[in-house]
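Student: OK, Swiss-Prot features for this one:
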- E338: active site, proton donor/acceptor (ACT_SITE)
- 99-109: compositional bias 'Polar residues' (COMPBIAS)
- 22-74: domain 'Tudor-knot' (DOMAIN)
- S17: phosphoserine (MOD_RES)
- 88-114: region 'Disordered' (REGION)
- 245-266: motif 'ESA1-RPD3 motif' (MOTIF)
- 195-220: zinc finger (ZN_FING)
Amino acid sequence: MSHDGKEEPGIAKKINSVDDIIIKCQCWVQKNDEERLAEILSINTRKAPPKFYVHYVNYNKRLDEWITTDRINLDKEVLYPKLKATDEDNKKQKKKKATNTSETPQDSLQDGVDGFSRENTDVMDLDNLNVQGIKDENISHEDEIKKLRTSGSMTQNPHEVARVRNLNRIIMGKYEIEPWYFSPYPIELTDEDFIYIDDFTLQYFGSKKQYERYRKKCTLRHPPGNEIYRDDYVSFFEIDGRKQRTWCRNLCLLSKLFLDHKTLYYDVDPFLFYCMTRRDELGHHLVGYFSKEKESADGYNVACILTLPQYQRMGYGKLLIEFSYELSKKENKVGSPEKPLSDLGLLSYRAYWSDTLITLLVEHQKEITIDEISSMTSMTTTDILHTAKTLNILRYYKGQHIIFLNEDILDRYNRLKAKKRRTIDPNRLIWKPPVFTASQLRFAW
């Protein structure tokens, strides 16, 4: 079974040895006291015993992992993939497809950019608000990758998204973390059981001895940039990708372990990185970060955003999002994150947008327009309307759309206030929007 779910069921066969297991076959694997059907994506025989990289069918890709042979149930049949069509059949299929395409050469020119009709482009379809920027919900995995932006922080190699996770465990400070995805660390590190990543420089090592020797000599105790925000809880540093290429590339390599579609680890020059840290007696420990393009043609205020796994589910994600909008307010701009968001990223943004909109509407207590909400929050009108529709507070009344507050919204507002979650204090932000000339925005300036 492929990730897009289009491949037909395979051929069931009983086997006696794991030597008969091949890539793309499916077998039953022990996982958390239950058996799950898993697809073999890769086989590693460089070290004994052999290991198999598996994707659990109908489960999230971040659960993919390396397993040993003892977890594979050979008592059940293995599904082998069906043989692909012969080369002659493929040629006929391609020829037929080319003929069909040539019959309507003007089809692609009938529509506007990105497939939108050139007519009625000023009309907003409130039933089809697309906060993810993906046109078709039925789009396949391969088509989705092809449609990703080729600028910003999107991966530009479609095969890269499907690569096998190459690191087993990383040790960062006092935390041991299991990566989720592939990241292009040096190949000599991929056979190590643990990779050591320095808490402050993000430099990586294949052995504990190398790491400890490096740590004794290194004096850096915070991200190598300007501290632009500090309160009793967190600090924020601004780092220019051009001025701190090595550190920013190390950051991108680390974040790629936990982000699937996003990848930028060589060309960091066009980006600014805003890193959130927690302080202790040792220094500033990285909690999460977001990056943004120095000049975004699409008006994005965030390119990549990540809270490190050891700090997730603690409220740091909302602080990162809130801080990105505080920067947009300082710039007197509206902004939105680069699309598509990861599943966790979309959940975090939806929660932030909902909380922000509910708080504003309840506390404002006067009539207010969508444009005024956008100006006060720096959220785009599309994100505001999407959030209002999700909250079910958008209604069509007497020829216009209105937002109304119901009891559920008021109850949610009261619960928000009772939580007393931490927020960003705009008065503690010491920052002016950086200005770059055309020559400064060019690569290798």
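Cβ atoms are placed via backbone N, Cα and C, with glycine included.
So where do these features actually land, and what's packed around them?
Tutor: In the three-state DSSP scheme, E338 (active site, proton donor/acceptor) falls into the coil class.
Reduced to three states, the DSSP call for S17 (phosphoserine) is coil.
Confidence for the zinc finger (195-220), expressed as mean pLDDT, is 96.
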Student: Rounded to the nearest angstrom, how far is the Cα of S17 (phosphoserine) from the Cα of E338 (active site, proton donor/acceptor)?
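Tutor: Cα to Cα, E338 (active site, proton donor/acceptor) and S17 (phosphoserine) are separated by 47 Å.
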Student: Return the single residue from the recorded positions list (S17, E338) that has the minimum number of other CB atoms within 10 Å.
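Tutor: Lowest Cβ count within 10 Å among the recorded positions (S17, E338) is S17.
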